[in-house]
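Record features, source TrEMBL:
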DOMAIN    362-602  domain 'ABC transporter'
TRANSMEM  19-37  transmembrane segment
TRANSMEM  43-65  transmembrane segment
TRANSMEM  77-95  transmembrane segment
TRANSMEM  101-123  transmembrane segment
TRANSMEM  130-148  transmembrane segment
TRANSMEM  172-192  transmembrane segment
TRANSMEM  222-247  transmembrane segment
TRANSMEM  259-282  transmembrane segment
TRANSMEM  294-315  transmembrane segment
Ligand SMILES: Nc1ncnc2c1ncn2[C@@H]1O[C@H](COP(=O)(O)OP(=O)(O)OP(=O)(O)O)[C@@H](O)[C@H]1O
């Protein structure tokens with residue numbers, strides 16, 4: 001990648017390589033659809049029909065778990081809902097084109113509604129990751145128990161069988177289910193490689209960073225849950241139509257766990273791994289469970305443990321890595337990736353959506369913060385203008401980081417008012433504070449470890465440039481300030497490097513560039529030079545001065561390095577025991593006896609104020 005103001009034309013070699021997989025899949029699909037059902041034995045065709053439908057559900061598990069990090073046991077419940085929507089309608093209302101359409105509508109709408117409710121409970125703002133997993137674990141248990149207790153209506157433990165369905169041959173069902181799996185796989189493949197799909201990986205890597213980049217993580221997860229629920233339900237509907245038998249086990253917890261095992265064995269976060277894993281394991285189970293009923297369970301359990309211990313990423317990634325090493329494709333691939341696109345300067349869109357920009361970029365009025373009985377901030381009052389670099393200093397535990405949190409997240413403070421550009425942040429979450437102009441850089445470099453520099457920068461632009469669900473843009477538009485940080489630190493030459501491979505200083509710079517990509521006008525920096533070398537510190541200082549002077553930024557800087565603070569600040573606030581003890585110019589603070597006493601731990605501030 002290079003920096004340019006002109007869009008680049010896609011490299012044909014790269015385009016060819018990108019198309020290789022979908023073209024290969026399409027060819028395999030054609031073989032499956034038109035040849036396989038005529039040449040394979042009937043039993044295998046029957047087994048594969050079921051495996052294809054299970055594989056489609058496994059893809060939804062992979063998207064939720066492998067790509068987004070949501071450990072879900074609940075996809076079986078949606079499969080069961082779809083299957084029972086068909087079985088109940090055909091049993092109690094009768095079969096016909098109209099009722100089939102109605103059953104399909106019920107399957108999809110019902111699953112989406114359940115997913116919406118479950119998704120909200122699991123992922124509402126404030127819900128922990130564990131809470132989400134527990135809810136998805138409870139869902140199949142509740143659904144299967146409801147089916148068990150449904151009496152003759154649901155068929156209880158025997159389920160429903162013998163209802164009328166579409167009069168199609170086995171070959172036709174094979175082609176329909178294989179086509180369904182291909183469409184779902186291709187759709188998922190396009191989505192996870194798109195710019196929107198990249199957000200899933202960002203959420204898996206670092207949910208907190210996503211929220212502070214203005215991404216509504218809860219909404220993304222709920223929407224994903226709804227879409228994945230609909231696909232799983234569709235697979236269940238087809239399953240009931242083909243098999244003409246349903247049972248509560250198909251909606252149960254055991255099936256939900258089995259789906260996780262297939263995804264883990266195939267290789268989560270790969271799409272194809274779970275498909276291959278599910279098809280192979282489910283078909284072999286059909287063959288071997290009859291002849292080796294107990295031994296087969298034991299063998300598959302042992303295989304699962306071995307793969308998880310020896311190849312935690314699953315079989316497909318392990319296999320691909322071995323092939324890549326053998327063919328020495330790795331280096332060529334990264335060279336090809338390096339030519340994928342370009343950076344350009346974005347049209348500035350400062351504070352889009354805000355009615356007016358006030359005289360003060362930030363105003364903090366009588367802010368208090370308590371943790372239980374511990375009073376951490378007491379009546380904090382100050383205002384900052386654009387073009388001001390205000391440093392917040394004070395001994396350890398003075399409340400500096402807590403104050404930064406209160407400015408970037410409306411839910412943090414106990415009382416008081418905070419305004420960003422004349423807008424009261426009220427109790428707004430971080431994503432809303434970002435929209436009001438705040439950009440927060442954390443104390444420790446808070447980046448997306450598995451994303452490359454370019455990918456991380458693209459994710460940072462999500463709020464201002466909604467990403468495509470289908471495509472990956474070859475040109476990345478960034479505001480001047482972010483580009484300057486990338487250039488000054490040399491990150492523009494490392495756009496294809498994964499963040500985890502960057503040095504600590506580079507990670508700090510990357511996080512700063514990501515925050516600047518939000519086009520904030522209130523920049524909150526918590527110890528940006530922590531752990532940096534002297535040279536890196538000087539470089540960051542120069543960048544901050546430049547940002548304050550040339551981009552009308554209001555910078556609020558928490559720092560322990562007093563020399564650094566003296567060099568770059570336009571004003572300094574000294575915090576001690578949760579109170580402002582001095583708010584003045586650099587000279588005033590440098591010459592203050594009170595500040596010396598505070599740092600020496602001599603006397604409480606109230607004694608001198
Ligand atoms: N989540 C929390 N629960 C309880 N107490 C907390 C919590 N977070 C911070 N505190 C307490 O609040 C006080 C202020 O902490 P804070 O991190 O804001 O200080 P600081 O000035 O940033 O310190 P440092 O310079 O060491 O980072 C400390 O006494 C800390 O122990």
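For all residues, glycine too, the Cβ spot is worked out from N, Cα and C.
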| Near the transmembrane segment (259-282), which same-chain residues lie under 8 Å Cβ to Cβ, leaving out any that are not at least 6 residues past its ends? | 47-48, 50-52, 54-55, 57-59, 61-62, 65-67, 71-73, 75-76, 181, 185, 188-189, 192, 300, 303-304, 307-308, 313-318
| remark: Taking the transmembrane segment (19-37) as reference, the highest number of CB pairs under 8 angstroms among 43-65, 77-95, 101-123, 172-192, 294-315 goes to 172-192
| message | Check the transmembrane segment (130-148) against the transmembrane segment (172-192) for contact, please; criterion is three or more CB pairs under 8 Å, pairs 6 or more apart in sequence. | response | no
| query | Is the number of Cβ-Cβ pairs under 8 Å between the transmembrane segment (172-192) and the transmembrane segment (77-95) three or more, considering only pairs separated by 6 or more positions? | reply | no
| request: Grab the same-chain neighbours of the transmembrane segment (77-95) for me: Cβ-Cβ under 8 Å, and only residues 6 or more beyond its ends, written as numbers and ranges. | output: 57, 60, 102-104, 106-108, 110-111, 114-115, 139-140, 142-144, 147, 153-154, 159-160, 163-165, 228-230, 232-241, 245-246, 248, 250-252, 255-256
| request: Could you name the stretch, out of 101-123, 222-247, 294-315, with the greatest number of CB pairs under 8 A to the transmembrane segment (43-65)? | output: 222-247
